[in-house]
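Undergrad: Below: one structure in C-alpha cells.
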Amino acid sequence: NQKCSGNPRRYNGKSCASTTNYHDSHKGACGCGPASGDAQFGWNAGSFVAAASQMYFDSGNKGWCGQHCGQCIKLTTTGGYVPGQGGPVREGLSKTFMITNLCPNIYPNQDWCNQGSQYGGHNKYGYELHLDLENGRSQVTGMGWNNPETTWEVVNCDSEHNHDHRTPSNSMYGQCQCAHQ
C-alpha cells in the first residue's frame, strides 16, 4: 500500500512524508496563541497547520520555536498509506500546511515522530519526515485524508494562502510568539 520506496523513501523523484492528524486546542511549540495561557488562535485550529517530527522541527532538538516554525510545506498524496494506519486517498491531491507545532517523540507518537537525532534517520514506517496535521475543525478528515502517504516540498506561504485561504499567510504567522524571537 506504500508507494514511496528506497532509503530515504521517495516517489517519482520527490521526498516522502508520513502523516497523521490530531487536535489538542493548544497553541503549540511555535507559540500560535495569545501570550498568556496555552490556547491557540482560531486560525491555528481551523487552518492547514502541522506538527513536524523533531529532526525537521529543529535539528538542535529545541522543543519551542524550532528553526522551521512558520515554514510552509506542500503535501501531495501518492495514493499510498501505511497498512493498518490509514486508508487510500486519490493520488495527486495537494494541500499546503504551515509548521506551527512539534510532534514530540513521546507516547503515543514514538512510531511516527521518532526519526532519531541525526539527519537521515527515519520513523518506524521508513519516513524521514512525519507531519501530524491539525484537524480541529475537521479540515483534514473533511477532505477524506486518512493518514495518507505524501510527497513534500517547501513552498511560499503567501502564494499558497492566495490560492487557498486555509493555508496561513506569513502575516498570520507573524501573530505567533516564535515569529518574534
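Positions of Cβ are set from backbone N, Cα and C atoms, glycine also.
Feature annotation from Swiss-Prot assigns active site, nucleophile to Asp24; the stated evidence is similarity to another entry. Annotated active site, proton donor per Swiss-Prot: Asp132, in sequence order. The disulfide bond annotation in Swiss-Prot covers Cys4-Cys16, Cys30-Cys69, Cys32-Cys176, Cys65-Cys178, Cys72-Cys157, Cys103-Cys113.
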Undergrad: What does the structure give for the C-alpha distance between Cys176 (disulfide bond) and the residue listed as 'active site, nucleophile'? Integer Å is fine.
TA: 17
Undergrad: In terms of Cα spacing, which of the recorded positions Asp24, Cys30, Cys32, Cys72 are within 10 angstroms of Cys178 (disulfide bond)?
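TA: Final answer, ordered: Cys30, Cys32.
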Undergrad: Among the disulfide-bonded residues listed here, Cys16, Cys32, which has the most company in the form of other Cβ atoms within 10 Å of its Cβ?
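TA: Of the disulfide-bonded residues Cys16, Cys32, the most buried by Cβ count within 10 Å is Cys32.
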Undergrad: Provide the three-state secondary structure of Cys69 (disulfide bond) computed with DSSP.
TA: coil
Undergrad: Tell me which residues of the chain lie with their Cβ under 8 angstroms from that of the residue listed as 'active site, nucleophile', as long as they are six or more apart in sequence?
TA: none
Undergrad: Here's one to test understanding: among the disulfide-bonded residues Cys16, Cys69, Cys113, whose C-alpha is closest in space to the C-alpha of Cys32 (disulfide bond)?
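TA: Answer for the nearest of the disulfide-bonded residues: Cys69.
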Undergrad: Just checking: which of Cys4, Cys16, Cys30, Cys65, Asp132 have a Cα that is within 10 Å of the Cα of Cys113 (disulfide bond), counting only these recorded positions?
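TA: So far as Cα distances go, the recorded positions lying within 10 Å of Cys113 (disulfide bond) are Asp132.
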Undergrad: Find, among the disulfide-bonded residues listed as Cys4, Cys30, Cys65, the one whose Cβ has the highest number of other Cβ atoms within 10 Å in the structure shown.
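TA: Answer returned by the neighbour count: Cys30.
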Undergrad: Look at each of the disulfide-bonded residues, Cys72, Cys103, Cys178, and point out the one with the fewest other Cβ atoms around it within 10 Å.
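TA: Result for the disulfide-bonded residues Cys72, Cys103, Cys178: minimum number of other Cβ atoms within 10 Å at Cys178.
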Undergrad: Return only the integer: C-alpha distance in Å from Cys103 (disulfide bond) to the residue listed as 'active site, proton donor'.
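TA: About 7 Å separate the Cα atoms of these two residues.
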